[in-house]
Amino acid sequence: MFGLGRPQPTSAEKIAAVENELKVVAEMHSRMVKICTLKCIDKSYREGDLSKGESVCLDRCAAKFFETHQKISDQLQKETQARGGGGFGM
């Protein structure tokens, strides 16, 4: 009744969904680190610590990366709901 006719996922399916989500988050983090490092940190590594400019650049880059990711996720969710789908293959 409350599941809207869909069977409840099994424990194995729940674990697989969490593992998949973790994989997606890890891949997103890797992409963000790679992109922001290439953009913000000089290849010559003059100092052991980040300069103020590098630190600010990395902070802004990461914020923009996550903001863009959120906007894309929201748009995909709206499009999926508009088509009447319940989710990404689930």
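Including glycine, each Cβ sits where the backbone N, Cα and C put it.
Given the structure is predicted, the values throughout are model-derived calculations rather than measurements.
Per Swiss-Prot, the listed range annotated as motif 'Twin CX3C motif' is 36-61 (candidates: 10-35, 36-61). For CYS57 (disulfide bond), the same-chain residues 6+ apart in sequence whose C-beta sits under 8 angstroms from its C-beta are CYS36, LYS39, CYS40.
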